[in-house]
Structures are given as C-alpha cells and as structure tokens.
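Step one of this worksheet: look at the structure below.
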Amino acid sequence: MNDLIINHIAELILPKSTDKPLKGKELDELNVVKNGTVVIKDGKIVYAGQHTDDYDATETIDASGKVVSPALVDAHTHLTFGGSREHEMSLKRQGKSYLEILEMGGGILSTVNATRETSEDDLFKKAEHDLLTMIKHGVLAVESKSGYGLDRENELKQLKVSNRLAEKYDLDMKHTFLGPHAVPKEASSNEAFLEEMIALLPEVKQYADFADIFCETGVFTIEQSQHYMQKAKEAGFKVKIHADEIDPLGGLELAIDEQAISADHLVASSDKGKEKLRNSDTVAVLLPATTFYLGKEDYADARGMLDNNGAIALATDYNPGSSVTNNLQLVMAIAALKLKLSPSEVWNAVTVNAAKAIDINAGTINTGDKANLVIWDAPNHEYIPYHFGINHAEKVIKDGKVIVDNTLSFKA
C-alpha cells in the first residue's frame, strides 16, 4: 500500500532531469501534465504522470484546480545575519548614497557589527524564523552564506548556525563560506584581510560546501578573486563568485575560467563573458529582486545569456541591505516582468537549474526522487508569476508528508 496519492492535478510540473544544467533553449522546455497524478511511498515518488486509478494509498489529496510542482530551490541567500536596516530606507529617500550611509555607520558594516554582537543561539532563532518563512512559501532546498562576521569567530558562528538549521529540519541545505564579502574597518588592507580569510579555509571546510568572494570595485579585484578561488579549490571547495554586480570587471569570465559552480548577480557582465557561457556549465544565478529593491533600472541580461546557450537560475539573495525578501515566488514574478523570462524558463530556473547551482539532487519529480512537492492554489503554472506578491503555496510536502498547510479558514 502506498502512503499518499495526489490526484486530479490540474497541472503537474515535471522539469527535465539532466546531469547538467539546462542551457539556452532547453530552459524553455517544461513538461506540464494536465489532469495528473502523483503517488508516494516511503517518502519517495512511485509515479508521476497522467491521471491513473491503478494505485491505492492510505491517504489521498484531491488537487482539482491546483498546480503541483517540485519544491523550490533558493540558490543564493544570506540567511544568517544579526539586526536589520529598515532605518536606512528613510536615508535613501533623502538622497543619501550608499557610501554616505556607510560613513554614518550603516550599510554592510552595520550588519557585521550586529552579527558579531548576536549570540549563536539568538542568531539561530532569527535565521530559523526566516527559514520557516521560506518553507511556507514552497522552498525546501536552500544555500546559506556567511559573510557578515568577517573574522574567524563570527564566520564560524554563521556557518554553525546554518548547519544546525539543516540538521534540525533535515533540509537539502548547502553552506557557503563568504569570508571575503567586505573588508572590515580593523583590516590593515584588502590584501591582508584576504590572506586571513584564505588561512581560514581549512578550518571552515567542515562547515561549508562552497567558498565565495565578492569581486567588485573597492572590494576585491579580479586578481585577488582568482587567487582566493584557486586557494579554495586547493582546500577542497567548489567555488562561487559574486561578480559584475556594479562594474564589468570580468567576474563572469573568471568564474568560467576557474570552473566555478556558479557566478551570481552579473548585472554588468560583458558580452565577452556572456559569450563564454556557451561552452561552460557554470550557472549564472540571477538576483532580480536585488536590482528591484535598490531601485535600479538595469537588470541582468538573462536573454543575452540564454541566446549564448548559457545556464541561468534565479534566487532571492535574501539579505538585510539590498534584497529584503525571502519569498522566491516574488522573484519569479520580477524575473518574468524584468528579465523577460517565459513561465517555463522561470520554473526551470527555480527548480532544476537552481539545484544544479548548489550541487544538489532536487527540483524534479521522477520515480525514486524525494517526494518534496508543493501544491499551489493556482489554476495553472503561468498564474503564479503573474499574480505577484502573495503566497500561492497551499501545501508543502516534504519526504511525502504535508509539513505546511496554508489553507485559510475564516469565522463569520
């Protein structure tokens, strides 16, 4: 006897399962089954496809008029941080620049101070609250970066918190050491601080899967970033890079040359960089909510990347300064509107390709896969990025069990 059948599904989303990320035109290929059925036993998918009455189960969910998809994957977050920076919104409205806010004690260094002052247990409680919000919105796989400690003690603290979260909730969660995220005030130079972070790599390896660096004007150069990435690979890490967010320094080209698993942001990437994606499996992780939140007009050139047969994914970039959202559904809407992605491209970018960007087996619904699914209160898959700003996830299913039920009930 099976454990659960989800029947009469209006649309069942079945992303293509591949060893490598979907590239170029492949991203627009999405198998959407009308009147579908999913059968689950022992936390695994037994069947997913056209409606059938050939299976029995102890529990049945009628998904008439609903969409079922793989659980979403958020491939770029800064989940563990102390404090918040809502007071900076009024400063921005007054016309204060980021550098002016930084000089006033705000910006990223404000978050660094708050993170340093927050105990590990309190940091865990805050991050847990934010993670549960993600889960309620349909996310069951997450990448979590450090980068707000900027010293040994507090970078380790952030990584330990994300590891504790993964253990408590048994999630597909990857952890990224982003020590070189900024340069703290106490550092004698960028170069000296970078060497401090490189020296930490062997110690943080037990807590982190990836090593990341912020390659940008005024932070770390291309040469420094390459040095760090090579040292990280020597220490056994797969590497990522925050690249070309503001200036076209060549971060995307560097990521491809160093065989990074992903390059993230890429708002200002050059045509040369986009062309190099053609022969690379490095995933371009685009973060349109960041561009939106910062009030900028120029978004990453997703269409240019796809035209060059590149692989792209989408993520929230959840952080307290430039993308204060942990709702990946909102990112899907912004990507459709501003990156000009089709519904199929959007869905693949938050499932199977996002999984490839963090090196996990997720984002598909195939026989034998973990039964990590979302039942959406939506008539079709195009409706979710169309009707933006709300939570369409009705039920979230992890390992075959409903762990979130957002069904609303009211008393008159």
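From the backbone N, Cα and C atoms, a Cβ is placed for every residue, glycine too.
Remember, predicted model here, so these are calculated numbers, not experimental data.
Among the candidates D3, D151, D170, D317, the one that Swiss-Prot lists alongside H76, H78, H242 as binding Zn(2+) is D317. The annotation in Swiss-Prot ties N319, G321 to N-formimidoyl-L-glutamate, and of the candidates under consideration, Y47, Y55, Y148, the one tied to the same site is Y148. From the candidate list E245, E253, E258, E394, the residue Swiss-Prot records in the 4-imidazolone-5-propanoate site shared with R85, Y148, H181, S322 is E245. With the fewest other Cβ atoms inside 10 Å of its Cβ, the least crowded of the binding-site residues H181, H242 in this structure is H181. For N319 (N-formimidoyl-L-glutamate binding site), other Cβ atoms within 10 Å of its Cβ number 24.
DSSP assigns H181 (4-imidazolone-5-propanoate binding site) to coil in the three-state reduction, placing it in neither a helix nor a strand. Looking only at the binding-site residues H76, H78, R85, the densest Cβ neighbourhood within 10 Å occurs at H76.
Of R85, H181, S322, all annotated as binding-site residues, the residue with the shortest Cα distance to H242 (Zn(2+) binding site) is H181.
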